[in-house]
Amino acid sequence: MWICSHVNAVHGALPTTQKCDEALASPLAHTAFTSSSVFSSGYAPGYAKLNRRGGAGGWSPLDSDHYQWLQVDLGSRKQVSAIATQGRYSSSDWTTRYRLLYSDTGRNWKPYHQDGNIWAFSGNSNSESAVRHELQQGIVARFLRLVPLDWSEEGRIGLRIEVYGCSYWAGVINFDGQGVISYRFKVKKMKIIKDVIALRFKTSESEGVILHGEGQQGDYITLELSKAKLLLQINLGSNQYGSILGHTSVTTGSLLDDSHWHSVVIERYRRNVNFTLDRHTQHFRTNGEFDHLDLDYELSFGGMPYSGKPVGGGRKNFKGCMESINYNGDNITDLARRKKLDTSSFRNLSFSCVETHTFPVFFNATSFLQLPGRANHNTISVSFQFRTWNPDGLLLFSNLDDGTLEISLEESKVVVHINVTRTTSNNRVDLSSGSGLNDGQWHAIRLVAKENFAMLTIDGEEASAVRSTSPLTITTGGTYHLGGYFLQTLFPPSQRSFQGCMQAILVDDQPADMHAVEKGTVGAFENVSLDMCAIIDRCMPNHCEHGGRCKQTWDGFSCTCDGTGYTGATCHTSIYEPSCEAYKHLGRSSETYWIDPDGSGPLGPFKVNCNMTEDKVWTTVMNNLPPRTTVTGSSRERRTVLQVNYSASMDQVTAITTSAEKCEQQIAYSCRMSRLLNTPDGTPYTWWVGRGSEKHFYWGGSLPGIQKCACGIDRNCTDPKYDCNCDADNKQWREDSGLLVNKEHLPVSQVAVGDTNRPGSEAKLTVGPLRCQGDNNYWNAASFTTPSSYLHFATFQGETSADISFYFKTSAPYGVFLENLGNTDFIRLELKSPKVVSFSFDVGNGPVELTVHSDTPLNDDQWHRVMAERNVKEAVLQLDQTYRASQLAPAQGHTRLELFSQLYVGAAGGQRGFLGCIRALRMNGITLDLDERAKVTPGVKPGCQGHCTSFGMYCRNGGKCVEKYNGYLCDCTATAYDGPFCTRGERHFMKDDFMRASRDTKIVTHQLTPHEVNLTKEEVAFSFSTSSAPAILMYVSSKTQDYLAVVLRQNGSLQVRYNLGGLREAFAIDVDQRNLANGQPHSINMSRVDRSITIQLDHYPPVSYTLPDASDTQFNLVKTLFLGKVFETGHIDPVLIERYNTPGFVGCLSRVQFNGVAPLKSALRTAAQAQGKLVESNCGASPLTIPPMSAATDPWRLDKTDAEFPFNEERVIPDGVNRDSAIIGGIIAVVIFTILCTLVFLIRYMFRHKGTYHTNEAKGSGESAGESADTAIIGTDNPETIDESKKEWFI
């Protein structure tokens, strides 16, 4: 509440309880109203009072043109809150559009600004109805002037007005540039934790210190004008490198030297600061670590204290007026008036504002000002000040008696061209000076030219003046045109017009009498605004977001977004995807990518490593801590703190962890006589700090609240008395490592090590990268099932810039995606027809609609992406990265989108409601939680049927999940499996025969190409079960003598044989000495890269082997792959034929892959050659059981297609017995064996523990009697886990 407690002080003595809405004009005398002209006495300005009928019923000027105005003197400065207009009573005269100017003195007018423009108010459409406008930016002024811009087509300008507001009083102090007010503290040293400083100022100077305070410890606060901008510098101190790191500098505003009042409020609480100028607030946080502002003795207003040490040299004191100065509740103005403060530095302290006497002139592209000078004189002497944003323009032009004079702005420099044409010779003088003069600041020009001499001076810098001594003879013409020249002449100027302001004009050493020009008695002008500079800084506040650079001309601004990571007219939209998940669904592969998790939000883009797998996406953020960083010399009293810095800021990393499904980070502590945690109760020797600077006392492999290491959880520590290996304090090297998995605590930002200071103590710390999986925001979705269903959220806040993006899919022809309403403003996105998406809005200038037309229907039950953006420059609508529509914002008009209703997603008041799914709805960088809101909303379901994140686990064995509207599709192309869930496929039973897949068949040519292939690496995988040995499981032949064979020897052990040339006989690897011909299922995974061979049998750890140095490493001219038996016409190793090829493999082969080729899948589905009996079967693998679903909700329900569901287990009868007979026999057998069920379970239990083969079942698969074993298999991490209870038996 403190932030608001003193804000009213800046407005002076405003009423706090009474509404500021009194009629201010009606009570005034007739003489308070003046005008540019009067049609006749009955049309005098004194009759221009709202609802009055005196005289002719209002004011009308003599001529209806753009030079007319009506002015009212309120008698004293008033707070003005609204204005109303009427036409002239019972007439055809009214004003349809007008501008409002205001002033304290009746001179130096300022136009009313709104939405970054000089505002044009809409007026009347008849003579009687009053139109009232509330002023968004309340003004304080004594004089108001209305300038008609458009009027009735049937009549002329007619006007009656009323001004609404209230009284205003504020104590004013005039600063002369010498005097300083010293506010001395009650105690010498002040430690200030909270500040509220408020004041109003006006000045014509661009430099000057407004307030300053400092302390001996290096703290300070300074508010000053610098280049007509307001600069706040504050330093609360810092621990490191003295106080230099505590320095904070913030700039706001511009063009503040306009001799108009500006209000400033500085609110500070600790390091948080609100800096407000003219109701535009910047929020920032000071640098450094300290919260208090330590000031000594005093705070000075108006300049630097004479007794203080200046922070920087060359600073000017403030020259101008201040009012309503308040510091932490003390009214400085009142204290100075009552002489309670030191004002001795003032020569003459004045409590009224001394006004400046400048007379600015405002030019547009069609303006000129003609002034008289001395004719037939031999010297030119002109000077003036100008300000502009344009790099080019005509400043002054004069036709000399025998030539021309031109002063122009060219490429932001002042250029002078003097051409003198005589019968005897032509003389030309060119001068150029200055740079960057289109910066909006006042710049002074002085040109003196006479015989054989010319000098150009910019901003009074005589030392840098440009001179010319070229031959020159001048005779002046007597007339000067400023700001434009549009007459035909023999030697026209290079520029024709100027947009900007001029003041302090001297022609031939005589000040221009602008009052006489205004009255029309001197000179001439066209389309010039006198006694006013209507310059606008369109880059303040800066609408270019995310560090975009703002460039402006007089009419508009543009943003340069290069190097920011954002795009669009205002650098609002990120060019990067929000996550690795999004990149994967654009078809990108594993790589390093830039991501921007909050899109157009404040977080910038950053680099991460994306690891794309078929079912998961991992995001990795690296840190700078070297692995096994050595730590010594630390103790509990003086811990060594290791800082872990990441390749992204903590806020950026937090954005990843917040949206991720899960995160993990490896942490390892290698120790020798260095304890880690020591006890479960006391403060540990070592801890780590995570997100939010919170300490954590558990280690990798443990969980929050459990002060243990992984070995303590698993109860396998070196010393069972301790919960960490390192806590045993052994002299041998030990290690405690594991994964930290609580994503709310990650990432690790610091590790404090506390036991390495004893003799012999040493530790090495490793903190791995942060790894996060998935992106919940990307898949956050809701399904709208009825036309009237909707979700509602808080009002969308997107006043000056708004972006909306989402995915949708539907089968409906139309529907409103979202809508938010205001009084008249609104924003809406809608599917208007099957091929048209619409983005419509109104910010006060009338409805605007953008549409994009798709070539194909959008109600095709496929995902489509919509992106819409609206800012002060343009509106854009984009569909599917393909179709785009845009529209520029009007140059003049409202820019703020003001909404008040809730945001509705999915329907608009029940009309044209949306049916379908909306996903990843992001508005101004914030993802709306559709899923959570849908859980409590009738007619809306959380998620979206068919989401792969919900049901993708059913795609087994590496099958790829493809989104569908009412379900999903498992793409099994790249696997050795088939069927709805990639679980049915090439499990085949063989007896006394073999299967061959030739290189000429489709299955091989698809992978190896028809050309001759040489391999330096192979990937082999398959599963088998058999009770017969010996046998050849796989044989790959070549057109040379090279081959690869996997065989079962006579004793049932597995052997791999490689012959790549260079050796006298094949290189044989005895993989395992066990008898694998035991009827149980076994799996083998083998890979070779050059000489390195890795083989994994079942779930045992992989074992590496190396080919002899004499062996070749290239498998030449690969020819044919055989399974079960070799039938080769070319050369074959006689050992294979003699020992293993007869009688042939009898049993089950499944999941066979060779370098991505799945030969068994093609054996029954393509032209691969097979000899003997080859039958498709489920032998050797568990059937997949799907939890039952009702027909209404089952998105995968199959009626007549694919009748062989994966869980319809098929038993193969080797001797050809009829399948139906086998089923009947099976039923009878089940009835008989029911009597012996106890004995069967006992035998099965004993069999499970027999031999060396072990299953790797999912944890908890037997914990609940209500869960089937198949459910446990579906939930396990390893899709290859085989449940022995589901083995195939052959009778």
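A Cβ is built for glycine as well, from the same backbone N, Cα and C atoms used for every other residue.
Keep in mind that TrEMBL annotations are predicted by a computer and have not been checked by a curator.
What TrEMBL records for 16-166 is domain 'F5/8 type C'.
What TrEMBL lists as domain 'Laminin G' is 172-353 (among others).
What TrEMBL records for 358-533 (among others) is domain 'Laminin G'.
Packing against the domain 'EGF-like' (535-572) from elsewhere in the chain are residues 113, 116-118, 252-255, 280, 362, 387-390, 440, 499-501, 594, 596, 600, 604-605, 800-801, 803, 869, 871-874, 876, 891: each is 6 or more residues past its ends and has a CB under 8 Å from a CB in it. The feature domain 'EGF-like' is assigned by TrEMBL to 535-572 (among others).
Annotation comment: TrEMBL describes 571-623 as domain 'Fibrinogen C-terminal'.
The domain 'Laminin G' annotation in TrEMBL covers 780-944 (among others).
Taking a C-beta cut-off of under 8 Å and a sequence gap of six or more, Cys944 (disulfide bond) has these contacts in its own chain: Ala781, Ala782, Ser783, Lys809, Cys917, Arg919. For Cys917-Cys944, the entry in TrEMBL reads disulfide bond.
The domain 'EGF-like' annotation in TrEMBL covers 945-983 (among others).
Computed over the domain 'Laminin G' (992-1179), the whole-number mean pLDDT of the model equals 79. Annotation comment: TrEMBL describes 992-1179 (among others) as domain 'Laminin G'.
The transmembrane segment annotation in TrEMBL covers 1222-1243.
The feature region 'Disordered' is assigned by TrEMBL to 1256-1284.
Two recorded stretches are said to be in contact when at least 3 C-beta pairs lie under 8 angstroms, sequence spacing 6 or more; the domain 'Laminin G' (358-533) and the domain 'Laminin G' (780-944) fall short of this definition.
Counting Cβ atoms from all protein chains shown, Cys917 (disulfide bond) has 24 others lying within 10 Å of its own Cβ.
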